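Chemist: Input: one structure, supplied below.
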């Protein structure tokens, strides 16, 4: 049996019995937080609209056994680049102060290894409105063969918004509209698609010099107020102009303070000056005061183009730029090239040898080189030829060619690099030319390849370098195009050692060490390869699993090896609370181990661990075995009647009274997996909150409780997005049925010239209900759709004294030359005779959705019936969508052909709430 409890504050547990074996996952998304109630777009479970800066809260209700794992993802990319990782794997996705960039479609995915994962999505639409900006442009054109000028001014208003903004223009207190003034034209440029509205003042007149205000509005959706901006147009209005009081370029030494001065020379209104840099942002230590930018103690990293920009929203902004060059010398290198005409690798007496020297210089035109031999100045001669390489081929390079090398030429040659401006330390590079100067060679030390390490260790890959001088060694991946540990494709080493900290399994592979020409011989590179093997413990699944089973039943636990290196797993061991149960070794064909409890008893409850061990360590599977019952899958049949929260908490109670009740639900037959139990909550008071709790009870004790806080809103809304169609039913005594439909899935053979091309919101994926009037239907056939019962309960024990009023609304689409009739009836409980319709409409109403509203006054529990009657031909499809029922009389109901209200004597509040208790998992 099952027991439900609800209370205005804290309630007794709801108890129910339902047990089953493994079940695949199901999922459903509900939402709370700060949703917008936008009149012209009724929100369904698919679309959730929220104002920027509010809190988004989406809850994923899942069921299945074993308990599914939940994962939230977003269309735009990875799950962690949009919201916190802590929210990604939780049932509830919580985004505080949501940004406009966080709108989009969110997916909830639930999987437990049985069948396909269950996925549901919801589109989040973030609404916002920024302050509008007015820009002014003027055109002056000479009319041919006439002696006058036409001065035309364009005022353009732009505001970023969602939904699209509507603009209105005012001159002083006068509202400007198209046609209200011959000298004024208001239009939207075609290419902007409604993003702006331009006010054109043709051939300026004295009265055109005034204050103009642009008002941007999103029609108060989400409570977003209108925003406005004022621009004063005068006969002095002009675009900005500026002047830079600095040279271009500015060449300075590091450590100097640089001041850039920018002044305005024109513009009305007075322009605003800003500084921007080619480095994306100004240096952190920079100081801006008025039009002066100061860069204290400038560094080489702060060199670049700096621009002064003046803007007053009139014409185009004015921009002046200068380049700051910071002197620098760095990266001094050399290389020795043996006689290129004899393809030598060694220096030989009687042949040519060239010494090259290179530095990076800023500015390059100030770079100068000088050469010394054994500390004495060296000048270019017939045998000692000093040249400077073409900067387009090899910038910052000088060469010393020694022709016909002699013993007397042996010695130390020094290349000295300097900048003409001074203030920068010189760079000196020494190169020794002697009989011991020989090209390099590379070897891998014995025992250093392959190199075996464990994940997380620090390793050193080593190549021995011989020769004189010793060149820089370049390290790269030899087995694949992959980056090195620092993210680059190549790393330099001056001693031949590559050091890797915290090595990971992805770093396993071959590494190439290779000589470079720098600081060595410019000859064919020498290279060697070092193998790195990273061992890591087994990766296993499941890492953790909760297993619930009845006493006396078998339990099978499986621990599977996914990856390991070395792949040969040595052994496994099963433990219960650190007590060894079973141990053994894997054979070559198996990658998993099982442990079976043939008949579970209370002593078998507890935490089981399986350790899978190799040379690098152990991977662990954990199983929590218990007889505890899983929680119910607990949802609501009419999601828009209630605001659902998944967190527990106190709720407000009217009159300070605590009211609670509980009711036992007898179940005579066995409850099977997937079976639904329903119970109606009636006599709810608006806007009270109620806590509803379900706790399954078995002979093994209580299981997990499922709790929901429900807030009664007194409203009903159905947009037919879910298959149960909000508990509506088809009348069994009519001629045919209404059909749930969406434009995205309709048959390509559908009847043209009738029916809607999308749901009421215009979505091709959205659903609606319609009557299909093709054959075999004939004229006069009726299809009736009946709502669930709505309760009218008295507030006092003496019965109903005043008639309650409800506004029944829906959208209809009646397009086609054979349209019949759409009727709406009120059916009250206990009513034997059928009264006439409360609303009725016949004939073609055009190819668009329209809204109908009618006030009804029931005296007892009631249903609403929508009846579609087939017309004289096949082009007569009638569709309905977004059905609503709200307390109170209808305000400004749309006109219709026939509408009448049923009048009785009652006033009370609304509706029953249907709870659907889905029994999906567990054990008996």
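Every residue, even glycine, has its Cβ placed from backbone N, Cα and C.
Features from TrEMBL:
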DOMAIN    25-125  domain 'Ig-like'
DOMAIN    132-217  domain 'Ig-like'
DOMAIN    240-325  domain 'Ig-like'
DOMAIN    338-434  domain 'Ig-like'
DOMAIN    440-531  domain 'Ig-like'
DOMAIN    538-626  domain 'Ig-like'
DOMAIN    716-892  domain 'MAM'
REGION    746-765  region 'Disordered'
Chemist: Select the range from 240-325, 440-531, 538-626, 716-892 that forms the most Cβ-Cβ pairs under 8 Å with the domain 'Ig-like' (132-217).
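Modeler: By the under-8 Å Cβ criterion, the domain 'Ig-like' (132-217) pairs most with 240-325.
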Chemist: Can you tell me how the residues of the domain 'Ig-like' (132-217) break down into helix, strand and coil by DSSP?
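Modeler: Breakdown, helix to coil: 6 helix, 48 strand, 32 coil.
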Chemist: Per DSSP, what is the residue count of the domain 'Ig-like' (240-325) in each of helix, strand and coil?
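Modeler: Helix, strand, coil within the domain 'Ig-like' (240-325): 3 helix, 49 strand, 34 coil.
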Chemist: So what's the mean pLDDT when you look at the domain 'Ig-like' (338-434)?
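Modeler: Mean pLDDT, the domain 'Ig-like' (338-434): 90.
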